[in-house]
């Protein structure tokens with residue numbers, strides 16, 4: 001049995017929706033145990049509420065528990081071409097795991113969301129830097145998801161990982177094509193984890 005963690009931060013629900021699609025794909029793989037968790041909110045509650053933040057139901061992860069998983073699929077919105085501050089704060093607490101080599105050889109993959117598309121690939125690849133310092137095996141999705149070739153509509157999705165475009169005001173929700181790419185990412189990573197650890 002390979003243990004897969006889908007770990008995310010979502011303020012307005014776009015990444016939360018994508019996380020559930022990633023988990024849905026991962027659960028298709030026999031021998032994969034899939035868990036969804038989120039990183040803690042760092043914003044004061046009154047500011048979070050005033051900004052229109054969406055309450056999340058997923059349990060909150062601790063940095064130490066990352067060592068318990070064979071693969072971790074990280075989801076984060078873009079903040080100026082980087083991961084969100086909440087995800088950064090969480091990962092900055094993994095120094096003990098780094099010192100002990102606890103994440104070395106584990107699979108790591110990333111999905112993201114942006115307002116208008118700017119920064120989606122940069123967010124994924126800049127997150128990879130942290131995973132590389134931990135010695136994780138970085139798993140992009142390539143172009144195996146056929147939806148990546150569809151240019152008939154506005155759509156997120158990259159060979160680096162699934163993405164969604166929320167629109168400048170956040171009103172656009174993940175499309176079926178974007179969710180399909182997210183499901184593919186989950187299934188692909190889980191399949192590799194089972195082959196390596198199952």
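From the backbone N, Cα and C atoms, a Cβ is placed for every residue, glycine too.
So that you can see what the record holds, here are the features copied from Swiss-Prot:
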{"type": "DOMAIN", "residues": "4-189", "note": "domain 'Flavodoxin-like'"}
{"type": "BINDING", "residues": "10-15, 78-80, 113-118, 133", "note": "FMN binding site"}
{"type": "BINDING", "residues": "12", "note": "NAD(+) binding site"}
{"type": "BINDING", "residues": "98", "note": "substrate binding site"}
Inset, instruction - State the mean pLDDT for the domain 'Flavodoxin-like' (4-189). - result: 95
Inset, instruction - Check residue 116 (FMN binding site) against DSSP and tell me helix, strand or coil, would you? - result: coil
Inset, instruction - Count the Cβ atoms, other than its own, that fall within 10 Å of the Cβ of residue 12 (FMN binding site), considering every protein chain shown. - result: 17
Inset, instruction - Would you mind reading off the Cα separation of residue 12 (FMN binding site) from residue 98 (substrate binding site), to the nearest angstrom? - result: 31
Legend entry - Densest Cβ neighbourhood among 80, 98 (binding-site residues), 10 Å radius: 98
Inset, instruction - With an 8 Å cut-off on Cβ-Cβ distance and a minimum sequence separation of at least 6, pull the same-chain contacts of residue 14 (FMN binding site), or say none. - result: 77, 113, 164, 166, 170, 173, 174
Legend entry - Assigned element (helix, strand, coil) containing residue 14 (FMN binding site), judged by DSSP: helix
Legend entry - Cα-to-Cα gap, residue 80 (FMN binding site) vs the residue listed as 'substrate binding site', nearest whole Å: 26
Inset, instruction - For residue 114 (FMN binding site), write down the residues of its own chain that are at least 6 apart in sequence and whose Cβ falls under 8 Å from its Cβ; none is a fine answer. - result: 77, 78, 120, 123, 156, 163, 164, 165, 166
Legend entry - Cα-Cα distance linking the residue listed as 'substrate binding site' and residue 116 (FMN binding site), given in Å to the nearest integer: 34
Inset, instruction - Would you mind ranking the binding-site residues 10, 78, 116 by how many other Cβ atoms sit within 10 Å of each Cβ and giving me the lowest? - result: 116
Legend entry - Same chain, 6+ residues apart, C-beta under 8 Å of the C-beta of residue 118 (FMN binding site), given in sequence order: 78, 81
Inset, instruction - Going by DSSP, give the three-state secondary structure for residue 98 (substrate binding site). - result: helix
